[in-house]
Amino acid sequence: MINFSFLKKELMELIRTPKLIIITSVFVFFAIIGPLTAKYMNELLAMFASDIEISFPDPTHLQSWEQFYSNITSISMIVFLILMTGTVVSEKAKGSVYLVLTKNVTRSSFILCKILAGFILFTAMFLISVLISWYYTWILFDQVIYEGLFLSLLSIYVLGIFFTMVAVTISILFKTTTHAALVAFGAYAFLNILTILTDLNRFNPAGSASLVMRKLMGDAVTPLVLTNIVTSIILTVILIFISTRIFNKQEL
């Protein structure tokens, strides 16, 4: 089902386009700024509130990871999601999809390669941002790991994979990148608004951000995080099936 020649072409196109530069810049910037913000935020607040006596607790590596989770699930994720909505719709708009599908690339293979390329891109960006944040957290706080760190990172990673699939699915459904981007942002906003219903966060992929924050604070939410991960994986698989079926039947 996977045409590896086409997958290689997709990855090479990602490398050559400004999309990679933008996504990399955003992920790297926030991976660096997170630990720095955690380390020096108290000093900045004290500087701006010099006339008021305020006592702040000393920052720890936990604040650094808090910044990381907050940044990667908000601005970084939104930028990645919106840019990925052009995955299929831009090919349809340019007409290049017709050329590809006449070169022994089936519709299913076309979509699966697009999906896999998106997964690979997010995986690379996520690993880079984790390693950078890890390094700066170690340098600034002499401590990195806390109980539940790796489970929390896995949860955020699965969330990113889910939103990648959301972007590709929406890209299939719409005819312009603008409409696709707006709907994708709307989907992101809607799922995040639903996190207000805390009892449902275990079944809401976007609830991952809230759950890992609770895990960071020491709450016993491991079963909830695991349920959230499984739910996100199931929904991702369902979206893969749905998007492939839709594209196979879609008039181009």
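Positions of Cβ are set from backbone N, Cα and C atoms, glycine also.
Taken verbatim from TrEMBL:
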TRANSMEM  20-38  transmembrane segment
TRANSMEM  68-89  transmembrane segment
TRANSMEM  110-136  transmembrane segment
TRANSMEM  148-174  transmembrane segment
TRANSMEM  181-200  transmembrane segment
TRANSMEM  220-242  transmembrane segment
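Panel annotation: around the transmembrane segment (20-38), residues 14, 59, 63-64, 66-68, 70-72, 75-76, 79-80, 83, 121, 125-126, 128-130, 132-133, 136-137, 139-141 of the same chain, lying at least six beyond its termini, place a Cβ under 8 Å from a Cβ of the stretch. If you look at the transmembrane segment (148-174), the same-chain residues 6 or more away from its ends with a CB under 8 A from one of its CBs are 65, 69, 72-73, 77, 80-82, 84-89, 111, 114-115, 118-119, 121-123, 126, 130, 180, 183-184, 187-188, 205-206, 208-209, 211-212, 215-216, 222, 225-226, 228-229, 232-233, 235-236, 239-240, 242-243, 246-247, 250. Residues 1-3, 6-7, 10-11, 14, 20, 23-24, 27-28, 30-32, 34-36, 64-65, 68, 72, 76, 80, 84, 87-88, 97, 100-101, 144, 153, 156-157, 160-161, 164-165, 167-168, 172, 240, 243-244, 247 of the same chain lie 6 or more positions beyond the ends of the transmembrane segment (110-136) yet place their CB under 8 Å from a CB of it. Contacts between the transmembrane segment (181-200) and the transmembrane segment (68-89): present, as 3 or more C-beta pairs lie under 8 angstroms, all at sequence separation of six or more.
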